[in-house]
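Positions annotated as domain 'Cation efflux protein transmembrane' by TrEMBL: 18-219. Under the heading transmembrane segment, TrEMBL lists 20-38, 44-68, 80-105, 117-139, 159-182, 194-212.
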Amino acid sequence: MGGFMAFRHGISREQLALKISLIATLIMVALGISFGLLSGSSAILLDGFFSLFSTAMTGLGLITSYLVTRDEDRRFQFGYAYIEPLVTTLNGIAILLMCGFAIFYGVEAIWSGGHHVALAFALPYALLSSLLCWCCYAFMRRESRRTGSSLLEIDSHEWLVDGLLSSVVLAGFVVAQGLTWFGFESWVRFVDPILMLLLSSVALILPLRVLFRSLKDLLAMAPDDDFAQQLPCKLAVVKRQHELRGYRHYLSRSGRRYDLEVNFLVAQDCELSMAEQDFIRRRLWQDLQQQQSDLWLTVSFTANRRWL
């Protein structure tokens, strides 16, 4: 019961964090589009549209966070946990596309001779947006570690990318202001696209780890974490305590949920009663629940190796 309550508490923290992220993203959209039009900066407009794109992704993540708490029903008979890695994968791909578009924009801007911006509007926006992005990144990163949520982890990566891009815009405008003061106005047009191009290239690396893990979940590949590594020892203890002949287990992960099937091999003349089988199931469930609260467990007994 304690594990279940902790899981529910983690879900509520996750949903609250996603709501805060969604509000912050909407603020970024309003700031980016407004200041982009006022300053004539394509970089700021691009930043605003990136935030608009992130709003859709965060909203999708919030919907997913609600869905995964629902019980199975007639149409989704194994529950909604499988939606989480799908959304996380789409989110990771979206970040890659966002970085790729920023690179394309930087190359195009340099090729076309750069662009002029009104620094009186651009600098305050760049400073404000950078501070907001980094604060949101720190908050989402902390919450993702506390809850273990892949949705919050990928959302924190979105804020990290936004923070990096906003910082590039800020650095570019500061350098542009300095070049203006020292009489190098002809170079000012290239500062912003060059810095954005460099940092967007580096930012491409950030979502790859989460994307790789989400793809593993979608493909139902066996996880390689503490739970998976300790599982054989726990099953071996059950086998030894109840004098079973062997076992085989199958483990996969869908977002935060683990799906575990265990088939125990018993002797041909085994007289395990239904009550004894249920006792083994219950003891194994209680043991595993201490480490992983969101678990779908199936335990079977057979005297034929064919069904292991």
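Backbone N, Cα and C define each Cβ position, glycine as well.
Residues 11, 14-15, 18-19, 21-22, 25-26, 28-29, 31-37, 79-81, 83-84, 87, 90-91, 94, 98, 101-102, 105, 117, 122, 125-126, 129, 149, 151, 154-155, 158, 162, 165-166, 169, 255-257 of the same chain lie 6+ residues outside the transmembrane segment (44-68) yet bring a C-beta within less than 8 angstroms of a C-beta in it. The transmembrane segment (117-139) and the transmembrane segment (80-105) are not in contact, since fewer than 3 Cβ pairs between them lie under 8 Å (pairs 6 or more apart in sequence).
Beyond its flanks by at least six residues, the transmembrane segment (159-182) meets 21, 28, 41, 43-44, 47, 50-51, 54, 95, 98-99, 102, 117, 119, 122-123, 126-127, 129-130, 133-134, 136-137, 140-141, 188, 191-192, 194-196, 198-200, 202-203, 206-207 of its own chain at Cβ-Cβ distances under 8 Å.
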